[in-house]
Amino acid sequence: MVSFGGIARKLFGSSNDRRVRSFQPNVTAINSIEEKTKALTDEQLAAKTAEFRALLAEGKTLDDILIPAFAVVREASRRVLDLRPFDVQLIGGMILHSNAIAEMKTGEGKTLVATLPVYLNALSGKGVHVVTVNDYLAQRDAATMGRVYGFLGMTTGVIVHGLSDEERRAAYACDITYATNNELGFDYLRDNMKYEKNQMVQRGHNFAIVDEVDSILVDEARTPLIISGPLDDRSELYNTIDAFIPLLVPSDYEIDEKQRSANFSEEGTEKLENMLRQAGLLKGNALYDIENVAIVHHINNALKAHKLFQRDKDYIVRNGEVVIIDEFTGRMMPGRRYSEGQHQALEAKEKVQIQPENQTLASITFQNYFRMYDKLAGMTGTAQTEAEEFGNIYNLDVIEVPTNLPIKRIDEDDEVYRTFDEKFKAIIEEILDAHKRGQPVLVGTTSIEKSELLAERLRKQGFNDFQVLNARYHEQEAYIVAQAGVPGAVTIATNMAGRGTDIQLGGNLEMRIERELGEIEAGPEREARIQAIVEEIKELKQKALTAGGLYVIATERHESRRIDNQLRGRSGRQGDPGRSKFYLSLQDDLMRIFGSDRMDSMLTKLGLKEGEAIVHPWINKALERAQKKVEARNFDIRKNLLKYDDVLNDQRKVIFEQRLELMESTNISETVSDMRREVIEDLVEKHIPERAYAEQWDAVGLKTGVTNILNLDLPIEDWFKEEGIGEDDIRERLTEAANAAFTEKAERFGDDIMHYVERSIVMQTLDHLWREHIVNLDHLRSVIGFRGYAQRDPLQEYKSEAFELFTGLLNNLREAVTAQLMRVELVQQAPAEPEPPLMQAHHLDPMTGEDDFAPIYQASEVIVAPENRNPEDPTTWGKIGRNEACPCGSGKKYKHCHGAFEQV
């Protein structure tokens, strides 16, 4: 039966349809001036940029010049790239310009769409940032689309890992800057640790277009970017505590897979207290006494390491190191680490060398970083399922852009089997059948373990004609993805999300040319070979189309519908036919967590035999409801975490703004004088209480404070004995004495040196106290949840205590700066420029207590002797010169072999 909502949508169209239609008049206007724009010479077309900028200088708005600007970009794209944006792509560009998210299906040309609003907004001269998920995509898109911007007289920069500050500054100074979300966030944090404004690299946050916006603003929303420095080695403690966990029995702890949490029962707590007491690690009588907070943290991490984290699913052990596997993409993240000691707990569990912990020096979440932009937009193929979150947190609407050609993909109902083995047997039969028919197959799995299990079972069937794409073999993933659309190809992939390379039926032309013709110089031979490849791909594409297009087989449903939709969306690009189907079993994680026991008994009663599947739209709906529950829970977690993070964010803004003011100032004497006055106020208030009798005044305490902080030897006891003296008199005498001592010192130093010393001491002290403050807030955050047991709101308690800590930070700053300046003495050589601390970049995931960590760069920098390289294992090669022979033995240069796709 059709609902009233359905009838209304048929009559009036959905709200999305109405939003899309609202852009149609502009599309018509752009089309109406297309011929006129085509008639312009290259020079006249390029001159339009200066013309538009002049109009903006006269007071016109970006909206006023949208129509001619879009027409100019469309024509420039046609001339430079031989790509003319379709009408729906113009609509996509307008959606991005209007501070919204454009949902565009795979293969609909998101990269080209971005050029329209990027050019328009870059005309303001304030800079536009195009955000991608990895360095490879940033470089690829900047190189390709930079040709269009360059043709129109605009500069394009790209920020990737490994650039110097000078190179970064130059890239940010360009009209358009392509960068990864990580590099942008880390540059912001590093800028706010600099000591001179001219050392900073970013120039503001005007407009950002975020590609794969759901991945960055939802999946990674909970993952703070962290700059940290090393702490003392505590590996012995980790090993000691790790040895306790195997001695526990299941009744000693409770595991909640839904919440990704692990807690000890009363029995378990008693056991641990005895073990800790014997090891000399327990302070006091009870484990949960305040002095044992650090030990509780360690044992909780050890329990999670053993009971929640699974080897080959959450991480792998490679070359004696624990390497994280990205939950969403299935890729290894070498160099990244879980924070808060969780990675060390895993290292202790796996009996590998325990790396030292790090102290947070600065951090920010993507949620708070991207909310700094004056204007924000995003692109993705899957955003509707998270529309509420984008609206609530980022104030971004999600608008679905119609496809240029209708989607012909057939999404079949799920097949649900009782056991894992039955499901895999059915999947293998389906793969072999599709392969015989010449249909390309993409099989999506949720973990490395399952992808390799499927591969092993295929081999047992005597079938070896397949490729495996997961974290262990990611060196070759770009080429594997590019060839996944060849007739009969079978590709097994761990979570295809974020792969960054299109699956084109027949194969990827650019990839094949690069791989096969990289050594051949331009000329007739190269052109002939290219033409032969073009014809071959055309023929292969026709065969794949005849066989039904790309067939996506999913071996399990993910917690998020969006990840499932991303996998499905790999098929049926640009109007091609395709097919998708999910194969499930009652032993799958999602099914098990959401009551598969009841369903199993029901299916047994219904007489479902071994090897039979249940297929019904109701099953799909039930699973989607389960996924919606998980998504809603995850959204609530992210929303709640943001409330806590906003407390730190507000304080961070105050500190960073204060630092910027200090960097921009050449003379902060007035600020220093105010600090000194307030310190004296505090000293007097502390030792001469209001309305107290003179006999109750603390002369000894005040003298000690004056000596320690103001570095003055004053007859305070004698002052206190004077007849009729009041606290105002004491305050005035202290102020005069401190000011006189400081003025005398300033005259000896000279104005320039004194101003430099003041600024250096204030900034270094502020940085030191801010780092301590971050650690204190982390500790507060880790225990504040227990206030809920006392019927108090943990968030309000956190806000209140965080404010007290911040007030304490400001008081300590005034006191420490005053004490240092009253003691500082001039040496013969000028003081050295303060050095930033030893730093590492990390990427934390607080939702599960995990931490994505990011010195991503270490492994590839090691030089390995040729005789120690295994040709079949790229992880043993180390750093290789671009023009060296590829260690795999192909005979090609590294840049034309494995090096061609190492950054994907």
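Cβ from N, Cα, C; glycine included.
What Swiss-Prot records for this protein:
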type	residues	note
BINDING	Gln89, Gly107, Glu108, Gly109, Lys110, Thr111, Asp502	ATP binding site
BINDING	Cys886, Cys888, Cys897, His898	Zn(2+) binding site
Ordered by sequence, the long-range same-chain Cβ contacts of Thr111 (ATP binding site) under 8 Å (at least 6 apart) are Asp141, Thr144, Met145, Asp211
For the binding-site residues listed (Glu108, Asp502), most other Cβ atoms within 10 Å of the Cβ sits at Glu108
Residues lining the ATP site besides Gln89, Gly107, Glu108, Gly109, Lys110, Thr111, Asp502 (CB within 8 A of their CB center) are Met104, Thr106, Leu112, Val113
For Gly107 (ATP binding site) and Cys888 (Zn(2+) binding site), the CA-to-CA distance in whole Å is 33
One residue among the binding-site residues Gly107, Gly109 has the fewest other C-beta atoms within 10 A of its C-beta, namely Gly109
Between the C-alpha atoms of Asp502 (ATP binding site) and Cys886 (Zn(2+) binding site), the distance in angstrom, to the nearest integer, is 26
CA pair Cys886 (Zn(2+) binding site) / Gly109 (ATP binding site), Å rounded to integer, equals 33
Widest Cα pair spacing in Å over the listed ATP contacts Gln89, Gly107, Glu108, Gly109, Lys110, Thr111, Asp502 is 18
One finds that other Cβ atoms within 10 Å of the Cβ of Lys110 (ATP binding site) number exactly 23
Students should find that the Cβ of Gln89 (ATP binding site) has, within 10 Å, a number of other Cβ atoms equal to 26
